[in-house]
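Annotated in TrEMBL:
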type: TRANSMEM; residues: 72-89; note: transmembrane segment
type: TRANSMEM; residues: 95-117; note: transmembrane segment
type: TRANSMEM; residues: 129-153; note: transmembrane segment
type: TRANSMEM; residues: 159-181; note: transmembrane segment
type: TRANSMEM; residues: 202-226; note: transmembrane segment
type: TRANSMEM; residues: 238-259; note: transmembrane segment
type: TRANSMEM; residues: 266-283; note: transmembrane segment
type: TRANSMEM; residues: 289-308; note: transmembrane segment
type: TRANSMEM; residues: 320-340; note: transmembrane segment
type: TRANSMEM; residues: 352-370; note: transmembrane segment
Amino acid sequence: MRIPGSWRLFTAMLAYGCAQGILRPMNAIYLAQHVGLTKLQVSVLVSVSLLTDMAVTLGTGIASDRVRHKRTLPILAAVLCMAGLLWYLHADSFLTALGAMVLATSPAGVIMGQLFAMARSHFTVEAPAIAEMAIVWLRAMMSCGFFLGLLLGAELFTAVSFAGVLWGNFVSYALILLLLAGYRERTSGYRPLPQSAIPFQWIGIFALLILLCGDAIRGLYFPLVVDALYHSPALVSHLWSVQAIFELLWMTVAGYAAARYGTVRVIRIAAALGFGVYAVYALHPALPWLVAMQPVHSFYVSVLYSVGMSYVQRMFLTRTGFGSSLYLFLSQTASLLGYLTPNLIPGYSPHIFFVPMGLVVVSSLLLGWVKEHEQTAKPTEA
């Protein structure tokens, strides 16, 4: 089914995913090997940029519901990211890398959060019958872009070194700017669908935060552990590519499964699979096993980042900007906690993945409590 006027949103999300996929797997390796930062310095640098990103994302999300034309916010954010990338090209110390990364990455959360906020209004106005699935497809488009970015990042790194990776990132943000400059928002006619609302649960949000913490640990330390074991930065991008290939399929399956069997049940099933993946990473990180686990982990993150996002957004249907930004804020908070926790473990040992294993267990217990009590909770208009 074609949704009128939505192609710019889907293409912009594809470009955003591409920007993330180009840089993310290579970033920690670049900071460690080329700038010469220690593990603690990498953690501090990423944490500071995340704190800034969190403040900007949540603040923008709260304010954006009072702004009639939301597209101005991601356009400005794209310009700032492009300026930061130009600075990052010349980073040669901890301080210059810190300043460049803050400018290049902190505004990115505004782009994603406001794209989802604009999309929910757009889909509800133009195609209310499939609005929730359209949100899942939009998130899947980000995964497609991420997969494309992984491939481009590996090729650019091989052909041009890390400078090529940054220029690829720059072009992605420039494309987002051009797409949104010509987009017409659906600022009238939006009415939240009452049947889409779900009960508000702080315990459910906290359980989701814990799962996101585990995935953040994996996101930062998986590339470093693989590089330490096999001494091949390009291998990291190829492993991430295997995961990303499956995400479009898994996100669609997860969306239909959540609609039929319930959001919390699907998240708990995915968490159990995530526990198995982390166990393999921690106990038997041989290359064939790492490759075999990527499709399984793909299902886990597909549920976490599509069904999980919808779960939070549907608690705040009357405040699309806040609901979209809150989920991203949770993801960023998880990244901050996830980056700092493994510093308790020396080096880049696979044993780092015992931490997310424990987090999955705690989250599953909390989600079990939510499942038992969700019938008595009431929807929120917060």
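Even glycines carry a Cβ here, placed using N, Cα and C.
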For the transmembrane segment (352-370): best-contacting stretch of 129-153, 159-181, 266-283, 289-308, by Cβ pairs under 8 Å: 266-283
Proximity verdict for the transmembrane segment (289-308) and the transmembrane segment (72-89), three or more C-beta pairs under 8 Å: no
Folded-back contacts onto the transmembrane segment (266-283), same chain, C-beta under 8 angstroms, at least six residues removed: 208, 211, 214-215, 218, 222, 225, 254, 257-258, 289-290, 293, 296-297, 299-300, 302-304, 307-308, 311, 350-354, 356-357, 360-361, 363-364, 367-368, 371
Cβ pairs under 8 Å between the transmembrane segment (159-181) and the transmembrane segment (72-89), at least three: yes
Outside the transmembrane segment (72-89), six or more residues from its ends: residues with CB under 8 Å to it: 12, 19, 60, 64, 96-97, 99-108, 110-111, 114-115, 163, 166, 169-170, 173-174, 176-177, 180-181
